[in-house]
Amino acid sequence: MARLDDLTRPPGRPPRLLYGGDYNPEQWPEETWAEDARLMRAAGVTSVTLGVFSWSRIEPTPGAREFGWLDRVMDLMHAHGVGVVLATPTSSPPPWLGRLHPETLPRDEDGRTEWWGSRQHFSHSSEAYRRHAAAITEDLAARYAHHPALTMWHINNEYCTYDWGDGAARTFRSWLKDRHGTLDALNTAWGTDFWGQRYGDWDEVLPPRRAHYLKNPAHVLDFRRYTSDLLLECYRAERDIVRRHTPHLPVTTNFMPFWSGQDGWAWAAEEDVVSVDVYPDPRDPAAGAYNAMIGDLTRSEAGGRPWMVMEQAAGAVNWRTVNHPKPYGLNRLWALQSVARGADAVHYFQWRQSRQGAETFHSAMLGHAGERGRVFRETVRIGEDLAVLGPHVAGSRVTTEIALLHDWNSWWADPGDGALSTRVDHAELVRAWHRALWDAHLPASFAHPHHDLSGHRLVLVPHLHLLDDPAIENLLAYVRGGGTLVCGFLTGIADRDGRVRPGGMDARLRELLGIDLLQEWWPLDEGEHADCGTFRGTLWSEELTPAPGAETVAAYRGGELDGRPAILRTGRAWYVSTLLEPAALSGLLASVAREAGVVPVLDALPEGVEAVRRGDLLFLLHHGGEPVTVPLPGRHRDLLTGTVTEGAVKLDRFGVAVLEEAP
Ligand code: GAL
């Protein structure tokens, strides 16, 4: 199987990191291409992604093939030592496809058509779309399979579409038949006797379209599973075509970061290289922690192997309400942060800022200010840094002893508008727990609840509403085998169909966690706190009766829950029935980690400094605005500057040091 390692550690050549971005030369006159190639070389660009949105250029009329321009770009890149990650252009079909085959256009929940004129206007269920996508993929792969510039395939772009139309209704039914077998089984799984929703004929089963009031959550859950699966089918069809032509080259498709629409575990298993697009907000004080989390998740999806940042912004994006540029140094900091967490390829959207179209105001490696602009200067600097780091870093691993469990099925099973509190947000809870570890300098990975957990000393479950039987067995076996487990509230409430377990929580889990009776859930309003003595709970609280033998580590004080456990522990299994305020959550997880034998990368780091080990190297990343001094015993050499430090390392605003031990 082809891997990123094949590109970053080519036989007989020094290891290297890939550096570059989306290159859209068709938006520019050919005279500009030579300048692009010159500036790419100046910036140390080694890799570009071509053709992401080029379908209408290659096939301007049905069946036409205009490859001449792409041949010239491929040759130019090769002549300048730039490898090409070639995209199948299937995320933006040409207007003629929608005109000739209106059924290729998706429908939204209200039945409205999503027309051409933007992008991603394709239905995963349309046979015509799939046929045309396969044909262009086939011809693209045949034409460039042996081109020396080709290094990797990039299938489609950010698969993130939904379809509630009639074509989708047909494929949804057939997906449901595969899953449930009979209509009776579907009626049982969905609990359709509630509100008289029982189906008597398969043709009555529709995607969960606009309805008068709350939808059936089990119906929505299956629709989300189905959508992820159908898009994955589209990906696989194109992947198999390109693999047939180039079995030796890796294939990827770029994920949106922590995106709810695709089951990242299932998708990553079908990729040779896992890649992600990540756009933290430069004004968000939590952005560094967020970038770290996306890195940890992507590395985990890649099974711990090196992964790829397929897109990030050199400066501002153009899709927030107000879009801020990155102050000098921040782009470099986040790029190197991804490398610290296992990325071996750092790409951007995009190489040259567009002068026309919807993303004219989105930054690029080469902005409107051109080669004299400060954004380009930073592009050059990052290229230099990556060139220095490549031989020391490429292929090395990040090791962790803590796993956070995450599963898209559980995310999809959250009860949505029918929940006791719509303030409970799966993604926010995962972020809060990861952030707590980040604050404590405890490196972590992510895992699926079915994964073998025995390699981790500590397993955390921030919020898995749905846990199927194999997942529960896995957690029990993990603790039996000596592991330490901490579960957040609403863990294991529901079975695989989203049905609440008898007693409000799986009985085996209740026994493990020391809960005799889960009496009532008490969600908290915005600004409302639950006093727990040394800390405050937010968002949620619970009326629990502990089982004999369970230890109440912290109890609620005052109000209805006075004296009830907020945190329970039974041996190595912990249950946390509220969301602790950030410092308290971080303190709790750090102390449980310590007891489980897990210590932070470094103690006593100045505010805003992150420490990560990758292979034998120590990355120090400073997210703050003022210079700091990090105490660090011993002698170290900073690979980025060549300087040797003794006893301490100085970091400027957004400064980074990549340290190896020095004699
Ligand atoms: C991504 C997309 C790119 C570009 C970028 C802008 O979602 O893949 O094509 O639109 O966002 O931030």
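Quick reminder: no glycine exception, Cβ is built from N, Cα and C everywhere.
Listed by TrEMBL as binding substrate are N157, W319; the candidate from R119, R283, R355 that the record includes in that site is R119. Of the listed segments 1-21, 85-105, 190-210, 631-651, TrEMBL assigns region 'Disordered' to 1-21. Long-range contacts of the region 'Disordered' (1-21) within the same chain, counting only residues at least 6 positions beyond its ends with a Cβ under 8 Å from a Cβ of the stretch, are 40, 43-49, 82-83, 151-152, 247-251, 272-273, 305-308, 311, 339, 343-351, 364-365, 382-383, 386-387, 389-391, 393-395.
The two recorded residues, R119 (substrate binding site) and E311 (active site, nucleophile), show a Cα separation of 17 Å. Taking the Cβ of E158 (active site, proton donor) as reference, residues of its chain lying under 8 Å away and at least six apart in sequence are, in sequence order, S91, Q120, N254, F255, M256, W259, D277. Cα of W319 (substrate binding site) to Cα of E311 (active site, nucleophile): a distance of 15 Å. DSSP assigns E311 (active site, nucleophile) to a strand in the three-state reduction. Looking at E311 (active site, nucleophile) and N157 (substrate binding site), their Cα atoms lie 11 Å from each other.
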